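Sequence annotations record features per position, and here TrEMBL assigns compositional bias 'Basic and acidic residues' to 86-95. The feature compositional bias 'Acidic residues' is assigned by TrEMBL to 96-108. Residues or ranges marked as domain 'SKP1 component POZ' by TrEMBL: 37-71, 101-132. TrEMBL lists 177-224 with the feature domain 'SKP1 component dimerisation'. Among the features that TrEMBL reports, region 'Disordered' is placed at 68-112.
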Amino acid sequence: MASQRSSGTTSKKQKVQTLYTAQQQINGHSADMVASSVVLVSGEGERFTVDKKIAERSLLLKNYLNDMHDSNLQNNSDSDSDSDSEMNHKSKDNNNGDDDDENDDDEIVMPVPNVRSSVLQKVIEWAEHHRDSNFPDEDDDDSRKSAPVDSWDREFLKVDQEMLYEIILAANYLNIKPLLDAGCKVVAEMIRGRSPEEIRRTFNIVNDFTPEEEAAIRRENEWAEDR
């Protein structure tokens, strides 16, 4: 009899554990259920599904995902205090729910309203190429400034000026320091060694200074021209 009673107790515990695990999976509260991919939504509403590791090239998105993970852990901890009867009740309710709702729980959607679709696609292309790249520490300004633009980035950034500026703005908004650094260095190379007139022609800048104002500016910045 003792053997039968022990077996029955074990069977009940197994059922409770199975129900508990199923409940965690249904509600998306398990720490293991942090999605392996995320959906980025551009300013025009276009959706881009990318690997989580790709999205984490952006510190903005990485911090968002980390906060979400911490929230899931907290929810998971809170659910441990639920009674067995509550778990059984919720499990039945969720089993009667729509499968589409369950799928929605697993999908992490992250709006990127300040970035156009064509620009977001370029940023994703860059992040995919640099999935496993190692960059200088973000707090090491000297290393970041002295690091040359690698050949792939240089070719990648051979785009029209409008796209180049939007990539730089997107990198700044998404906090992707290596892409921001590369974009700024490319622009700096476009300016270096050029006269003000050449820079205006390169960037289609209208000169709205009077000759007197321009002469005054030159005098004030003679130290820079001599370097």
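Quick reminder: no glycine exception, Cβ is built from N, Cα and C everywhere.
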Using DSSP three-state counts, the residues of the domain 'SKP1 component POZ' (101-132) come to 18 helix, 4 strand, 10 coil
Across the domain 'SKP1 component POZ' (37-71), the model's average pLDDT, rounded to a whole number, is 90
